[in-house]
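Swiss-Prot has this to say about the protein:
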- 22-49: coiled coil (COILED)
- 143-239: coiled coil (COILED)
- 282-430: coiled coil (COILED)
- 33-62: compositional bias 'Basic and acidic residues' (COMPBIAS)
- 63-74: compositional bias 'Polar residues' (COMPBIAS)
- 77-105: compositional bias 'Basic and acidic residues' (COMPBIAS)
- 110-139: compositional bias 'Polar residues' (COMPBIAS)
- 18: phosphoserine (MOD_RES)
- 114: phosphoserine (MOD_RES)
- 117: phosphoserine (MOD_RES)
- 125: phosphoserine (MOD_RES)
- 129: phosphoserine (MOD_RES)
- 133: phosphoserine (MOD_RES)
- 136: phosphothreonine (MOD_RES)
- 137: phosphoserine (MOD_RES)
- 138: phosphoserine (MOD_RES)
- 33-152: region 'Disordered' (REGION)
């Protein structure tokens with residue numbers, strides 16, 4: 001065999017690839033170390049941001065404690081849920097960034113090895129210097145990608161900080177708006193309750209007005225009937241020539257209230273007789289007339305006795321007149337005079353007696369009529385009192401039922417408003433949970 005020709009001595013392929021692999025492994029280890037350091041820095045920054053957000057949230061909650069006292073029990077839950085959501089978002093963002101950076105690192109650091117493995121399968125040539133320059137350019141690319149990743153990561157972190165701050169501000173504004181909405185809902189509920197109360201009072205007043213109108217129409221109808229009755233009474237009085245005598249205060253009682261319609265219709269003769277009896281109540285005048293009647297009857301009886309005595313005397317005198325004709329010429333004239341006087345008195349007494357009997361008959365008729373009217377008035381008054389007692393009892397019963405019904409309605413309205421408020425709070429909590437999820 002001949003000696004090999006002169007030229008550059010080639011390095012063994014195994015040694016060259018082992019050096020490249022070692023360099024690549026060193027670079028990969030350094031990149032992994034830098035990536036782990038970045039991950040630790042990101043975790044520390046995330047913890048710092050979370051503490052800052054918690055501090056801002058505590059400050060905002062301490063400022064808005066007067067406005068959000070009504071949701072004191074649900075605020076920690078919402079805060080925890082918000083922090084959990086923020087942590088989940090930050091963890092998702094960091095995981096996405098880590099995956100992206102890992103993929104970029106893996107792509108950047110696996111490409112040279114793939115190239116080297118491909119070049120290892122090809123036959124060796126004299127352009128190893130060019131391959132070496134290509135390998136160095138592929139080794140420089142990860143640094144540029146790392147700087148770009150750092151810049152993009154810093155931008156993303158700034159945006160994330162701004163988003164967290166704006167999210168906290170928006171959450172505070174949302175809580176304030178929720179409190180204002182709840183306050184306005186309470187005001188609206190109070191106004192609705194007031195409007196319902198006003199409507200109820202209006203309905204009651206309208207019903208009372210309708211009742212008053214009905215009573216007014218009934219009273220107007222009764223008044224028309226009474227006017228018609230008065231007109232017919234006046235016509236009958238004028239037709240029969242009667243006279244209306246109003247009754248005075250009974251039994252001389254000055255404080256007694258005058259009775260409405262306490263009048264009596266009598267004939268003109270009876271009216272004249274009652275006027276002759278003097279003034280005063282009708283029963284007093286009737287009592288006076290009865291006393292006068294008794295006196296007249298007693299006088300008539302006395303006169304009848306005197307008349308019988310005179311007749312007996314006359315009969316005795318007639319028997320003795322034959323014997324004493326001459327003696328009694330002077331006394332006959334006196335007897336005739338006395339007889340004429342007696343006859344005149346008897347005729348006068350008879351006339352008075354007949355007149356008194358007529359007056360007594362008319363007064364008895366008026367008394368019987370008045371007694372009938374009194375009985376009718378008494379029965380009507382008793383019936384009216386019974387009806388009034390029944391109506392009062394029914395009114396008290398209806399008032400009790402109305403009070404019980406109003407109490408039940410108020411209780412039901414209170415329970416309804418309470419349930420409506422609870423329903424609104426549950427709806428608000430549900431919407432808040434859905435918005436946070």
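From the backbone N, Cα and C atoms, a Cβ is placed for every residue, glycine too.
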Residue 18 (phosphoserine), number of other Cβ atoms within 10 Å: 11
Local backbone state of residue 18 (phosphoserine), from DSSP in three classes: helix
Residues of the compositional bias 'Basic and acidic residues' (33-62) by DSSP state, where helix covers H, G and I: 30 helix, 0 strand, 0 coil
Mean per-residue pLDDT computed across the coiled coil (22-49): 82
